Amino acid sequence: MKLYSVSIIIFVLIALSTIVNAQQAATDSCNSTLPLNDLTFNTSLLQCTEAWTPQNFILRYARTAENTWSFILSAPDSSAFIGIGFSTNGQMIGSSAIVGWIPSDGGSGTVKPYLLGGKSPGEVNPDQGDLTIVNGSLKIESVSSRLYMRFQLTATLPRQSLLYAVGPAGFFPSSPDFRLREHRFVTTTTINYNTGSQSVVKVSPHSKLKKTHGLMNMFGWGILIIVGAIVARHMKQWDPTWFYAHIALQTTGFLLGLTGVICGLVLENRLKANNVSKHKGLGITILVMGVLQMLALLARPDKQSKYRKYWNWYHHNIGRLLIILAISNIFYGIHLAKAGTSWNGGYGFAVAVLALTAIGLEVRKFLKK
């Protein structure tokens with residue numbers, strides 16, 4: 001019995017020791033010895049910084065030759081790709097990145113440069129970007145459950161806004177396209193290459209306001225107003241239901257659009273944006289036309305009035321012009337915000353559905369004559 005108890009205790013101690021050793025092996029710090037032996041530059045020059053504490057990213061770097069910067073990024077091997085991006089403004093779009101991974105099946109590691117052209121996977125292009133990489137310097141290896149990705153850049157001073165990312169667990173890019181999937185975790189920092197100090201860049205406090213501005217205008221001016229116009233043109237056989245539906249849709253669309261315009265004005269004031277004058281001008285024009293359309297309801301002549309045909313001409317054509325300007329300005333706003341293909345594709349699909357519906361109803365109306 002005593003022998004059995006002693007055996008259990010020894011087993012537990014060995015298990016605990018194994019767990020502790022594994023945790024220590026998967027952890028790196030600036031005080032740790034770099035476990036790489038085949039480096040072609042003087043490692044004593046390397047500066048070290050805890051790049052991303054929650055993910056235990058450690059970045060070592062140095063200017064190891066004239067206009068040559070050597071980097072070693074280490075991170076836990078979580079069966080996912082790791083990446084570091086170099087940005088001019090702290091934003092993902094337009095940045096260039098170095099991404100590396102080692103497949104769980106024991107395959108060889110891969111490191112590739114990527115151009116972060118947008119937020120969707122299709123806009124993140126391998127073997128592109130504006131980083132000048134020293135030939136043969138891209139390499140990644142796994143040591144004690146930890147990835148060490150190294151590369152060298154030719155630059156007077158690399159960009160100081162750095163992006164770090166961890167890919168989805170179990171996914172590894174593969175040939176022929178080497179497309180990445182959306183990362184699980186991401187952060188943005190700024191680094192002082194002289195001191196090694198890094199600071200995390202907080203997410204813009206205006207991101208929610210931007211999204212609200214876009215969605216309100218998109219659903220208000222860009223969808224509901226169009227649906228209301230379709231109802232008024234093609235549903236008159238259901239009188240007076242069509243009229244009340246038309247009023248409800250246009251009023252709701254106007255209120256959403258008004259909210260979107262107000263959000264846009266607040267956003268412009270907070271961001272001190274200087275490249276939105278055309279977008280703002282179109283938005284205010286659309287709002288004025290919307291107000292005129294709402295006021296037109298109060299001045300609507302009777303059907304028997306000789307002025308009714310002029311009112312109809314005004315109401316219909318101002319409405320058509322409003323819709324054209326609204327669609328154009330929404331796409332222009334998406335372009336200014338660099339929102340990517342998801343917004344363009346989503347709204348483009350909605351407009352296409354509405355256009356096909358309107359065309360189909362027009363054809364049916366023509367055939368009935």
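Just so it is clear, glycine is given a Cβ too, placed from its N, Cα and C backbone atoms.
Lifted from Swiss-Prot, the feature list:
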SIGNAL    1-22  signal peptide
DOMAIN    55-167  domain 'DOMON'
DOMAIN    174-369  domain 'Cytochrome b561'
TRANSMEM  212-232  transmembrane segment
BINDING   His213, His279  heme b 1 binding site
BINDING   His246, His315  heme b 2 binding site
TRANSMEM  247-267  transmembrane segment
TRANSMEM  279-299  transmembrane segment
TRANSMEM  321-341  transmembrane segment
TRANSMEM  343-363  transmembrane segment
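Panel annotation: around the transmembrane segment (212-232), residues 242-243, 245-246, 249-250, 252-261, 263-264, 267, 283, 286, 290, 319-320, 322-323, 326-327, 329-330, 333-334, 337, 339, 343, 347, 350-351, 354, 357-358, 361 of the same chain, lying at least six beyond its termini, place a Cβ under 8 Å from a Cβ of the stretch. Note on the transmembrane segment (247-267): residues 206, 209-210, 212-221, 223-225, 227-228, 231, 273, 279-280, 283-284, 286-287, 290, 293-294, 297, 326 of its chain, located 6 or more positions outside it, place their CB under 8 angstroms from a CB of the stretch. Using a Cβ-Cβ cut-off under 8 Å and counting only residues 6 or more beyond its ends in the same chain, the transmembrane segment (343-363) has close neighbours at 214, 218, 222-223, 226-227, 230, 233-234, 327, 330-331, 334, 337. In the predicted structure, the domain 'DOMON' (55-167) carries a mean pLDDT of 93.
The two recorded residues His213 (heme b 1 binding site) and His246 (heme b 2 binding site) have their Cα atoms spaced 24 Å from each other. Within 10 Å of the C-beta of His213 (heme b 1 binding site) there are 24 other C-beta atoms, taking all protein chains into account.
Here His279 (heme b 1 binding site) is positioned 24 angstrom away from His315 (heme b 2 binding site), judged by their C-alpha atoms. Geometry remark: His279 (heme b 1 binding site) versus His246 (heme b 2 binding site), CA distance 28 Å. For His246 (heme b 2 binding site), the same-chain residues 6+ apart in sequence whose C-beta sits under 8 angstroms from its C-beta are Gly228, Val231, Ala232.
With a 10 A radius on its CB, His279 (heme b 1 binding site) counts 19 other CB atoms from all the protein chains.
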